[in-house]
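Record features (TrEMBL):
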DOMAIN    A:17-435  domain 'DUF112'
TRANSMEM  A:42-65  transmembrane segment
TRANSMEM  A:107-132  transmembrane segment
TRANSMEM  A:144-176  transmembrane segment
TRANSMEM  A:196-218  transmembrane segment
TRANSMEM  A:320-339  transmembrane segment
TRANSMEM  A:351-374  transmembrane segment
TRANSMEM  A:386-404  transmembrane segment
TRANSMEM  A:410-440  transmembrane segment
TRANSMEM  A:461-483  transmembrane segment
Amino acid sequence: MSALMDMLMIFTNPQLLLLVGLGTFAGVYVGAIPGLSVTMAVSILISFTFSWDVLPAISLMIGIYMGGVYGGSRTAILLNIPGAPSAIATAMDGYPMAKRGEAGTAIGVTTVMSFFGGFIGIGVLALAAPFVSKFALTFQPRDYMLLAVLGILLVGSLSSGSLIKGTFAGALGIGIGAVGMDPLTFTERFTFDIPLLTQGISFIAVMIGMFGVSEALLQLHHIDMPAVRQKIDRIVPSFSTIKKHLPLSVQTSSIGVIIGALPGTGGDIAALMAYDHAKRVTKNPEREFGDGAIEGLVAPETANNAAVGGAFIPMMTLGIPGDAVTAIMIGALYIHGLNPGPMLMIDQPHMFWFIVGALITANFFILLFGLTGIKLFTKIVEIPRAFLIPLIMLLSIVGAYAVNNSITDVYWMLGFGVFGYFMRHYGYPLGPVILGVILSRLLDDNWRRAIISEREDLGRFFGGLFSSPLSTVLFVAVVLIFVSQTPLWTKGKALIFGRSNRSAS
Amino acid sequence: MEPDFRGDADHHDGTSDATPGGYADSRRPGELVFTILLTIGSGALLWNAYGIAGFEALSSPGAIPMATAAVMLISSIIILVKTARLKLVANETMSKDILPWLVIVMFVLLVAFGIALKPLGFIPTAAIFLILSMKLMARRSWPVTLLIALGSLVVIWLIFRIVFTVLLPAGIVPEAEFIQYFRDLFSAGGDA
């Protein structure tokens, strides 16, 4: 009952309601404007909402997050430029529809389906999180350590294809997180005897550098790209269209929640898998997939919005983020003195229910902003990059400065901006770096707790590892990810499949 | 679908979060140098991590740093070997595709922004930065550039100073006095 009250609190407080609304509105446009990304917006916003109370700050960021996931689909449909990674699959059928002059229908269907998927995700979050956090209380320190490693590895391997570069990026992140004084023994780590480094590197500077400045620098390659104008007709979809695709959307939403809930996998992968699923189950599409099939639009959009709720499950209950954006959200919660993890649900259940309430509110705002304001929208996405990029850079500098009022942070931010710029050029994923930075502390603490409780004995550590089913599963998963990238895997697969082929014939 | 589908020439799709650039089967200009630098850096980090506590204990403060630095070194060596074997991308050059002059100029401007921020104050520094960079990129007439740059600066300043209450270096502009003046004006208006 009190859970319900906490959930509804947001509706009784006009200021919070307004902030979620503003956040969602901003998120939709940030997600849609080529050159801006949700990750960028959330990381810059953390520093600006730093001095706020926790509730308004979280309301605003949740709005941006939800709005941004949805907003990415707009440009995917209109310009064939997915505004967020989770909208990559949306472009495959959305853009052909827009080219045929059905942009309005496409946007309308996307909006309603995002709303629908979002609700399923939030529903699962509300139902599952209390159980998961109860279960998480039984986790051993080694389980947390393994989960953290697994999360970083999954982000590294699934998002880019090159696990080895992802591994490097993840390790780099953990290293960056370790810089400064060790919190347990006050030993200096990675400080190179430079006094400046004893304070550690502000993770906000790393984030804004990697997702703000490096993105802005990369966008400089495209400042001359002209904005494309599209004609948009009626966008409120007919009820029969919605009803027809309801069964599919339930299936793809479920895919979205499950994929979103796995540590290390987020909306982008959920959307691609849902797209694949829709392709398999749709028997007679009105149009071929890739040629503007509505099913190809319904599937990824329900899935990526459902994945938001899913991604909040490990984030809130375990403190393990699923992707770069949730990693940044965790950073935001840390900054406001909250400690995402199983204890959050026990110590501050009202916080959890408040977040659920904020997500629901944001979802309603998506429906509202998604089906209105299309004229304004077409104007805003046409802002030339030449004016946008300097503003992003300005905001990045102000953001890096604002957290600690320190110019040093600005230089760190610029340094990581340039580093991130080269990493992007040479195919290194940036998500694992942020996950590493966020999880560094958790990994270090839990490793030391685990090994001390086993009296510094590696043999006993591995013994303990295989005595609990959960630890075993996690450990095997970590090992499998590595093996899957080595030639050993291909050989083994050839061996097994070769055999099964022979036995079949 | 290709695992590293990037969707468009814009690099915008996922570049921001996950899917980076680069090619799976060839090497971009400067990639080899970058990888060598990463390897050297990882080696230095490993050396430094060893210096924290050596092989004293598995639970020492140096254990995780050493492990991560070792992972970095090993993976960067593997990347280095792989990269060295690849062919250079044929039609890309360092100055055109990796580091065009605009990127360098903008970076210099950003560093200058950082240096000038404290002594000069936020408003003048940001104004100069916005005007210069917008003029440079958009190549519009001076009135248009000035209007957009200063207009957006006013909006940003209002949002951050008033809504987010972010404290920015005042520098040479008597910002606090300015805000106080308006407060007085409004409160005086309220009293009357």
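Cβ atoms are placed via backbone N, Cα and C, with glycine included.
Automatic prediction, not curation, is the source of TrEMBL annotations.
The stretches the transmembrane segment (A:386-404) and the transmembrane segment (A:42-65) meet in space: the count of Cβ pairs below 8 angstroms, excluding pairs fewer than 6 apart in sequence, reaches at least three.
Same-chain residues lying 6 or more positions outside the transmembrane segment (A:461-483) and placing a CB less than 8 Å from one of its CB atoms are 139-140, 142-143, 146-147, 149-150, 153-154, 157, 163, 450-451, 454, 489.
Long-range neighbours of the transmembrane segment (A:42-65) within the same chain, counting only residues 6 or more positions beyond its ends whose Cβ lies under 8 Å from a Cβ of the stretch, are 10, 15-16, 19-27, 30, 204, 207-208, 211-212, 308, 325, 328-329, 331-333, 335-338, 351, 354-355, 358-359, 361-362, 365, 395-396, 398-400, 402-403.
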